[in-house]
Amino acid sequence: MERSGASEATGSDASGPDPQLAVTMGFTGFGKKARTFDLEAMFEQTRRTAVERSRKTLEAREKEEEMSREKELRQNEDIEPTSSRSNVVRDCSKSSSRDTSSSESEESSDSSGDELIGPPLPPKMVGKPVNFMDEDILGTLPPPLNEEEEAEEEEEEEEEEENPVHKIPDSHEITLKHGTKTVSALGLDPSGARLVTGGYDYDVKFWDFAGMDASFKAFRSLQPCECHQIKSLQYSNTGDMILVVSGSSQAKVIDRDGFEVMECIKGDQYIVDMANTKGHTAMLHTGSWHPKIKGEFMTCSNDATVRTWEVENPKKQKSVFKPRTMQGKKVIPTTCTYSRDGNLIAAACQNGSIQIWDRNLTLKLSNGTVCMLWAHTEVCVM
């Protein structure tokens with residue numbers, strides 16, 4: 001069946017173009033043989049045409065010069081007849097020499113097939129083959145590079161190729177000037193319309209991309225934590241609140257315009273069991289919002305605890321998680337975060353371990369304190 005179909009197709013191609021196809025496409029000419037062009041012949045014809053045109057142009061210019069000279073001679077004959085005759089003789093001799101030189105050039109151009117188009121060659125090169133590596137033409141070649149210089153250039157090229165900054169598909173770039181000290185925290189609005197920055201100068205600045213002018217200045221600047229360096233800034237999922245974590249033991253929540261919403265309570269540093277205090281007793285490291293529940297966030301501190309909070313209840317934490325080593329000793333968490341579904345809490349500790357707890361595995365004591373159960377997963381990072 002395939003062979004018969006192929007034979008039918010070839011038969012239809014040999015018979016000629018399909019008239020129905022020509023009607024459908026709106027133009028004819030299917031099946032015609034394509035024209036072939038001889039490029040060498042076309043280039044040769046173009047060269048000859050150019051030589052002929054240049055020859056005609058030179059002849060026309062010579063005729064114009066002769067006509068102008070004849071006019072000048074006629075004008076000078078009335079004044080100086082003797083001098084005019086000698087000038088005529090000289091002009092005639094010059095024109096005859098030019099005619100002979102032009103005829104010789106034409107004969108040489110007809111005899112030589114490879115005619116050069118352009119300005120004449122310098123006298124040194126007349127009758128010599130053109131060598132483009134000649135020092136008189138190109139000058140001396142530059143000295144070869146040393147092996148060390150070549151190796152350095154190759155390393156620079158490799159660094160430029162491996163630089164990940166060059167792979168960012170950015171088309172525009174601006175520089176926002178926060179201050180003169182280190183910028184230690186950044187927070188981007190979920191919609192991407194606003195940016196909040198914090199630094200070692202205790203300032204928190206708000207940037208609005210939609211309302212920003214050519215000066216690129218922040219529309220608001222404040223110090224929510226007084227004389228404490230800003231450690232972390234994070235917008236809530238809805239974008240209406242910002243979690244501010246500083247070098248103090250009390251985290252703050254402000255709205256998107258910078259006004260304070262709540263401040264976490266400070267714990268009692270004289271109590272040994274950190275689960276019995278109402279808040280952190282040492283410097284904070286970072287914080288994170290719950291990905292699902294609005295108004296819930298957590299913080300970790302130098303007091304070796306991870307605490308969860310609710311915006312509606314700033315006077316006491318919601319639950320306490322205490323990282324421990326395999327020997328049961330305290331270990332300080334340096335950062336913490338929720339899982340995507342919000343059911344797990346993870347903390348990275350100073351001993352190189354990552355400890356994970358189930359957020360729902362908590363119990364409520366008789367005194368109202370909520371603490372973690374002694375069950376956690378520890379991931380050791382080598």
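Any Cβ shown, glycine's included, is placed from N, Cα and C.
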*Of 1-23, 231-253, 277-299, the range TrEMBL labels region 'Disordered'*: 1-23
*DSSP helix, strand and coil counts for the repeat 'WD' (176-208)?*
0 helix, 17 strand, 16 coil
